[in-house]
Amino acid sequence: MDNNINILDLHIKILRYLLLWPRLSLTKDINKCLLYGYFCLSVLFFTPVIWAVLYQFYVSIDDVNILLEALIAVCDIMGYMVAYVCFLKNKDLIEHIIDDISVFLQYCQANVIQDTDRLCARYTKYMLVYVSIGVTFNLSWPLMSRKYCIDEKGSLFYLRHDPCGMPTHNFYPFDASQSNVFWIVFFVEAIYVCHICFVFSIVTATILGLLMHITAQLKYCGMRIENIGKNTWAKSNEAIKEEFIICVKYHQEILMYAERIFAAFNAVVSAYVIITSFAAAIIGYQIVTADNIQDRLRYMMLLFAWGLLFFLICFHAQKVQDKSIAIANSVYNCEWNITSSDKVLKRYIIMVMMRAHHPLYFKMSYLGIISSSRFVTVMKTAYSFFTILLTVTDKN
């Protein structure tokens, strides 16, 4: 059996292209300069969007649609920044987590890990295709409707400092409507829009992939415990005892591995919870108030992406909880009664069952637990924000 196995190869390859993962061909110092350098450059690129929000507050919200669309971009930027900082800060820990999947090879067959990884890669490809379509549409539609935007805007000041045709509203301290300048700022904004969307998506896919691996290991561990004493080669008391000790160690390895994953991505998931309600409410408002089907479609695609990514995080965190509790049922269903007189084995059985009755929670700092109920709570909060927005902006 091989001592090493690679997982999330597709994710790592994409993360390298996005400058979130060190390249093997470069030195540590050069990699550090690239990763941190592009992050600083990204912060500079985001300033026009931030200025658009600040300017609206400065003029007492001259145009609520400009403010809200810019706030959607700010929500995306905040999530992106948290994900980026998380990877920069925990890059060594995340690398070790991915490499340490090989620890489970002493307890499970390689195909358990490989099959899970193939499933994760397939879902990630679907996600990337959707993101590519969404980004392409969101970049191309404002360009195609540029003339309509110019006719509707009216204000020469906004046309110069917040030119039509951009993916989102900005505020440039210079005349950005001139042809040469416009295409430069559009190209820059298109780059970081793509970077934001793909970084956010691939970071989420990485978290989902690791959660799927935890679930697969818990499932296999439970199956192995249930089969104790049922195999022909494990009929003697000593063999059963030895097999159960191995399963106890296997269970402990899974728990420690999961806790490391939770610690590494705690900040990203916390940002999801904080931002999603607000972002979903604003996007929903933009869908309702948009005056053409194209804008409604691109906002609907964005809302679906936000909701789907958050739902998948909650769904797989819930699966980890359920599978961790199911270990207790597996212990109960195994042939432990064969050696009921063995005090050492009894202690192991009780220890595993007691630990399994405490679910493996994906806990966030000060924000509780990620689960299916958390998704429902966040969506309820988003709906509350949505109704408030409709109320305070009602022109009647």
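One-based numbering along the chain as shown.
Backbone N, Cα and C atoms are what each Cβ position is placed from, and that goes for glycine too.
Residues or ranges marked as transmembrane segment in TrEMBL: 33-54, 66-87, 126-144, 181-214, 261-285, 297-315.
Note: the stretches the transmembrane segment (33-54) and the transmembrane segment (181-214) are in contact (3+ CB pairs below 8 A, sequence gap of 6 or more). Using the rule of three or more Cβ pairs under 8 Å, pairs at least 6 apart in sequence, the transmembrane segment (126-144) is in contact with the transmembrane segment (297-315).
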